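Inspection log for the structure reproduced underneath, given as structure tokens.
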């Protein structure tokens with residue numbers, strides 16, 4: 001047994017979970033291919049594996065229980081399969097087969113998380129019916145966009161309630177946006193020490209329970225979307241052609257059942273000149289003496305007077321992309337996203353909130369600017385070529 005494994009098995013459940021979440025939060029801020037990120041992912045997965053085994057041994061969750069039977073302290077451990085899925089999805093792979101294996105492991109963790117929430121009926125039925133509808137099953141683009149708008153509104157409503165609950169729980173730091181969802185989950189993990197103030201503890205427990213249930217509902221909606229994305233990625237990888245062998249394993253393409261017939265010439269591709277000395281195919285005459293070699297060196301020193309390229313085509317395209325001169329986007333992914341006007345319309349409908357009032361005022365100013373523009377520029381005013 002390694003030292004880290006021994007530490008994980010001797011540590012309490014809350015401390016073990018917080019250690020895994022700290023590593024996960026660190027990995028989420030780094031590039032997934034970074035060595036430090038991979039080390040944090042490996043450490044987090046190891047702690048989550050031990051934590052999951054210990055939770056299963058304790059039978060912390062049962063289908064025979066209801067949400068009222070479950071204590072607030074145990075709600076935070078429902079996120080263990082979700083965090084394991086996030087970390088498994090970031091593991092660096094070498095080939096397609098390893099990526100397939102990673103996707104299947106991540107899907108298994110995510111399905112376990114969804115099943116646990118369904119067993120305790122944490123998510124309301126209207127949210128279940130809304131988020132379980134896949135956008136790919138919609139019959140036309142308009143229906144897909146309408147479904148995306150409804151899901152976005154519901155998810156934003158849950159997130160607004162979550163932020164309000166965080167502000168009530170911690171008036172000082174609750175309004176600050178968290179670095180990641182892992183930090184939100186870590187804040188819900190119970191402490192190993194408990195207080196003795198009865199009334200204050202009951203009030204804090206009610207706030208923690210409200211916050212945990214809202215975060216579970218939000219992560220549940222995101223998990224369904226992520227499960228659909230992983231399903232599409234797995235289908236895409238499964239239909240990809242097999243990789244060609246590299247190095248010594250590469251197949252000799254010159255091998256045939258019938259050996260190629262020699263055609264003559266210096267390279268076996270046929271003669272260069274015919275009987276009369278006329279070239280039959282292009283060829284290059286290389287220098288064969290010291291005088292020709294000197295002339296070749298001289299031609300390489302004295303270049304043309306015009307400017308020669310200073311970068312490759314890939315470098316040029318990368319620079320143009322950085323400057324924003326290349327249009328990107330489009331396709332099904334861009335079609336499923338909301339436009340700026342739709343986002344502004346959705347945000348302006350949040351009545352009674354400061355953000356909703358600001359977006360409503362912004363929408364009003366935009367409509368006013370457009371009205372002034374259409375008055376100054378009536379339809380057909382610029383058409384001077386087709387006047388009678």
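A Cβ is built for glycine as well, from the same backbone N, Cα and C atoms used for every other residue.
Copied over from TrEMBL:
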- 160-184: region 'Disordered' (REGION)
- 160-173: compositional bias 'Basic and acidic residues' (COMPBIAS)
- 239-266: region 'Disordered' (REGION)
- 245-255: compositional bias 'Basic and acidic residues' (COMPBIAS)
- 325-388: region 'Disordered' (REGION)
- 351-370: compositional bias 'Basic and acidic residues' (COMPBIAS)
Spatial neighbours of the compositional bias 'Basic and acidic residues' (351-370) far in sequence, C-beta under 8 Å, 6+ residues away
160, 344-345
Per-state residue totals over the region 'Disordered' (160-184) - DSSP helix, strand, coil:
14 helix, 0 strand, 11 coil
